[in-house]
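Enquirer: Got a structure for you, written out below as structure tokens; questions coming shortly.
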Amino acid sequence: MANATGLSAPEVAASMGLILAALVEAAALLGNGALLVLVLRTPGLRDALYLVHLCVVDLLAAASIMPLGLLAAPPPGLGRVRLGPAPCRAARFLSAALLPACTLGVAALGLARYRLIVHPLRPGARPPPSLVLTAVWAAAGLLGALSLLGPPPAPPPAPARCSVLAGGLGPFRPLWALLAFALPALLLLGAYGSIFLVARRAALRPPRPARGSRPRSDSLDSRLSILPPLRPRPPWGKAALAPALAVGQFAACWLPYGCACLAPAAQAAAAEAAVTWIAYSAFAAHPFLYGLLQRPVRRTLGRLARRALPRSPRACASRAWHPRALLQHLQRPPEGPALGPSEAPDQGRDLTERESLSMSEAT
């Protein structure tokens with residue numbers, strides 16, 4: 001098919017890669033913009049500042065380095081636009097600064113959740129978020145400055161090599177990779193590993209009996225209710241979901257890029273387009289991973305969706321037939337006055353007299 005349409009196999013692969021990269025960029029812009037609105041409209045969210053910071057970094061990356069990857073990636077990349085020396089250095093600095101700002105921001109968010117879950121009653125041990133985020137941006141600025149110490153861009157006939165992988169940092173590339181990827185990975189693994197251990201320990205702990213609780217009856221229903229399920233599930237399965245997703249997403253997106261930074265420059269340049277866009281997919285995954293997994297954010301999203309969508313009258317009518325609403329309706333006291341013990345026999349006599357009179361009239 002490629003020969004029939006006049007396109008070679010590399011051109012078809014580049015076109016497919018361009019389409020996928022455009023979808024990733026659109027998902028990053030829309031997802032982070034929507035999550036930023038939800039976080040700002042969600043009251044009482046404890047790690048709101050860290051989520052806002054992560055959304056802002058992702059939006060900056062989606063508006064700066066991702067379009068450069070689409071238009072000016074070196075061969076065998078996606079784009080064919082040539083950058084001059086000054087834009088090339090600016091692209092190097094943005095890439096070398098925004099990527100560590102993202103990874104260190106994710107690590108700071110994980111540490112904040114660790115302190116909230118493991119040490120909830122020790123607010124003095126938590127540093128203020130403004131101080132943590134200032135340190136994150138200071139480290140990102142220093143790591144971005146390392147790109148200015150690299151070799152100058154090549155003249156126009158040769159590829160410019162404006163990225164971090166393809167010679168943008170020179171001898172500082174292993175140091176940048178260790179500080180930008182290895183350190184956040186260790187912090188994230190330690191934080192979510194501790195969260196998982198605490199949640200597992202709490203799930204395995206037997207529940208305490210409530211005060212004033214009545215002893216269980218010896219009926220058949222009570223005996224059946226204490227039987228174990230047919231397929232028992234581990235109690236820590238739900239507790240392991242969030243740490244596994246966070247650590248797995250970080251490793252899947254950033255580990256190939258970090259390994260390419262430690263590889264020789266020629267091999268890193270050959271795999272630049274693939275590992276770069278795998279890393280950029282993290283900007284599109286963050287809104288779904290760190291936003292929709294939080295219950296307050298989901299509640300705010302449902303409330304806004306109910307306000308935006310028109311409510312049908314059939315939904316209000318079907319609510320009356322809900323089992324819980326029907327049970328509450330049956331448990332309501334009767335509207336009329338209750339009959340006393342002395343009034344019940346009189347009412348019974350009146351009923352029998354009325355029935356005898358009606359029978360005599362009928363005959």
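Yeah, the Cβs are placed from backbone N, Cα and C, and that goes for glycine too.
Remember, TrEMBL labels are computer predictions, not curated facts.
What TrEMBL shows for this protein is this:
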type	residues	note
COMPBIAS	346-356	compositional bias 'Basic and acidic residues'
DOMAIN	31-290	domain 'G-protein coupled receptors family 1 profile'
REGION	206-226	region 'Disordered'
REGION	331-363	region 'Disordered'
TRANSMEM	12-38	transmembrane segment
TRANSMEM	50-73	transmembrane segment
TRANSMEM	93-111	transmembrane segment
TRANSMEM	131-149	transmembrane segment
TRANSMEM	175-199	transmembrane segment
Enquirer: Using a Cβ cut-off of under 8 Å, list the residues of the same chain at least 6 residues beyond the transmembrane segment (175-199) that approach it.
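Expert: Residues 96, 99-100, 103-104, 106-107, 110-111, 113-114, 117-118, 139, 143, 146, 164, 169, 236, 239-240, 242-243, 246-247, 250-251, 254-255, 257-258, 261-262 contact the transmembrane segment (175-199) from elsewhere in the chain.
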Enquirer: Using a Cβ cut-off of under 8 Å, list the residues of the same chain at least 6 residues beyond the transmembrane segment (93-111) that approach it.
Expert: 47, 50-51, 53-54, 57-58, 60-61, 64-65, 68, 132-133, 136-137, 139-141, 143-148, 163-164, 168-169, 176, 179-181, 183-185, 187-188, 191-192, 246, 250, 254, 257, 279, 282-283, 286, 290
Enquirer: Check the domain 'G-protein coupled receptors family 1 profile' (31-290) for me and report the mean pLDDT.
Expert: 78
